[in-house]
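K.L.:
Taken from TrEMBL, the feature domain 'Thiamine pyrophosphate enzyme TPP-binding' applies to 49-196. Taken from TrEMBL, the feature domain 'Pyruvate ferredoxin oxidoreductase beta subunit C-terminal' applies to 200-263. Residues or ranges marked as region 'Disordered' by TrEMBL: 252-286. Residues or ranges marked as compositional bias 'Basic and acidic residues' in TrEMBL: 252-262.
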Amino acid sequence: MTITADSFKTGYLPTWCPGCGDYGIWMSLKNALGELSIGPDDGLIVYGIGCHGNMYDWMRTYGFIGLHGRALPVAQGAKLANHRLPVIVVSGDGDCLGEGGNHFIHAAKRNPDINVIIHDNQVYGLTTGQASPTAKAGFKTKSTPEGVVDEPMNPLTLAIVSGATFVARGFAGDPLGLTKLMVEAVRHKGFSVLDVLQPCVTFDKVHTYGWYRSRLYSLSASDYAPTDKLRALTKAVEWGDHIPVGIFYREEKPTSEDREPALAEGPLVSQRESQGNLDSLLEEFQ
Ligand SMILES: Cc1ncc(C[n+]2csc(CCOP(=O)(O)OP(=O)(O)O)c2C)c(N)n1
Ligand code: SF4
């Protein structure tokens, strides 16, 4: 059966604010899954808590909504149980880098074959627009009426130095470019991080679609090669009149599943022996 965006219809329509960048990410993800022939029954999407996580209701796939910031531990557990299952995490900048920051660093260090898509809108959207970890200094939000006083966290540099083996940035207003990046990110074997610049049209009147469009340029249009870690870090800190999008860093390395001896005989879910061990373990508690 051919998988298309329509394969993921749930019968419910999104309740995101009209014009929200989440629509572009949602469309791109459905198209990317179609292109990858990953159908509703073929993979798992784990969501964080936030406007982004509401996508769960509009995607007919296996899905799980973690506690706020805890999507990655759930995803890693699922991957460990069945490492042949494609596992994608849909998270927010608050969910992934604030509440879930520690999990993000340690997941990147371990390099599980999981793809993380960060809806990076610089605010806590669902709780009505407080500054998030990626909010830029001086940005006025509900929680920072005089402007953010701290420097922002950079998801790309954090991912690179923590050990992520595929690090990219896309734009919610460019669904075609974003779909291509998602396809590459999911195909990558290892921990892939796709930071998506996502306008929150309700609580951010500064970083609009126009603001981004006048600044974004594509790394793939230059001679940039995403193989040099130091060069990737230099590119990743570029922000201002010119903002790069594309693949910043990519490296082939064994995943945590490759290195885990317990998985050598196949996925845990299909190891009958481990089921036996579990039964005897449970007996001890009866
Ligand atoms: C442990 C915990 N702290 C705080 C909250 C309240 N809360 C729910 S959603 C949210 C913000 C989500 O922001 P983000 O992850 O950036 O996602 P967005 O809504 O912008 O998509 C917060 C703080 C919570 N549910 N659990
Ligand atoms: S509050 Fe912002 S992030 Fe949330 S749905 Fe509305 S526009 Fe999107």
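From the backbone N, Cα and C atoms, a Cβ is placed for every residue, glycine too.
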K.L.:
Write out how many residues of the domain 'Pyruvate ferredoxin oxidoreductase beta subunit C-terminal' (200-263) are helix, how many strand and how many coil, based on DSSP.
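P.N.:
Secondary-structure composition of the domain 'Pyruvate ferredoxin oxidoreductase beta subunit C-terminal' (200-263): 23 helix, 11 strand, 30 coil.
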K.L.:
Could you tell me the mean pLDDT over the domain 'Pyruvate ferredoxin oxidoreductase beta subunit C-terminal' (200-263), as a whole number?
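P.N.:
That region's mean pLDDT is 97.
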K.L.:
Could you give me the DSSP helix, strand and coil counts for the domain 'Thiamine pyrophosphate enzyme TPP-binding' (49-196)?
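P.N.:
Summed over the domain 'Thiamine pyrophosphate enzyme TPP-binding' (49-196), the classes give 56 helix, 34 strand, 58 coil.
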